[in-house]
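See below for the structure under consideration.
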Amino acid sequence: MNLWLLACLVAGFLGAWAPAVHTQGVFEDCCLAYHYPIGWAVLRRAWTYRIQEVSGSCNLPAAIFYLPKRHRKVCGNPKSREVQRAMKLLDARNKVFAKLHHNTQTFQAGPHAVKKLSSGNSKLSSSKFSNPISSSKRNVSLLISANSGL
């Protein structure tokens with residue numbers, strides 16, 4: 001009886017020390033359900049997205065939007081009109097950033113690299129930028145109080 005108990009203990013210790021082998025494969029980070037409803041205010045704050053295809057343990061086609069605040073993810077139905085609109089917005093935004101990044105040059109100044117914009121005209125129209133003075137009542141009141149002191 002003692003020999004049988006000793007064999008079970010040895011087998012138990014060897015099983016605990018042996019590395020675990022997972023037959024399931026790689027862990028997949030995927031959406032299992034859609035967030036509903038997703039507001040346009042949330043979708044336009046996303047900084048990027050990716051399309052989830054149906055494969056492996058991910059059994060739902062989805063658009064995963066990555067939000068900058070607290071590294072949150074929002075899963076949307078890729079057939080939804082708001083989700084498609086947000087994907088087009090992000091594609092256009094990334095295209096503009098890629099063009100701006102293409103127009104930069106890197107100069108080596110000592111141990112630090114400095115990026116400098118090219119001397120060419122900017123591709124962004126001036127209508128994209130709002131006037132900071134007219135957009136905020138606080139800025140207007142600051143200008144009035146600064147001018148009254150003259």
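The backbone N, Cα and C atoms fix where each Cβ goes, glycine too.
The annotation signal peptide is assigned in Swiss-Prot to 1-23 on the grounds of sequence analysis.
Of all the Cβ atoms in the protein chains shown, 17 others lie within 10 Å of the Cβ of CYS30 (disulfide bond). Following the DSSP three-state reduction, the secondary structure of CYS30 (disulfide bond) is coil. As annotated by Swiss-Prot, disulfide bond applies to CYS30-CYS58 (among others), with the evidence given as similarity to another entry.
What Swiss-Prot records for CYS31-CYS75 (among others) is disulfide bond. Close to CYS31 (disulfide bond) in the fold, though at least 6 residues off in sequence, lie GLN52, CYS58, LEU60, ALA62, ILE64, LYS73, CYS75, each with a CB less than 8 Å from its CB.
Every protein chain shown contributes to the tally, and the Cβ of CYS58 (disulfide bond) ends up with 15 other Cβ atoms within 10 Å.
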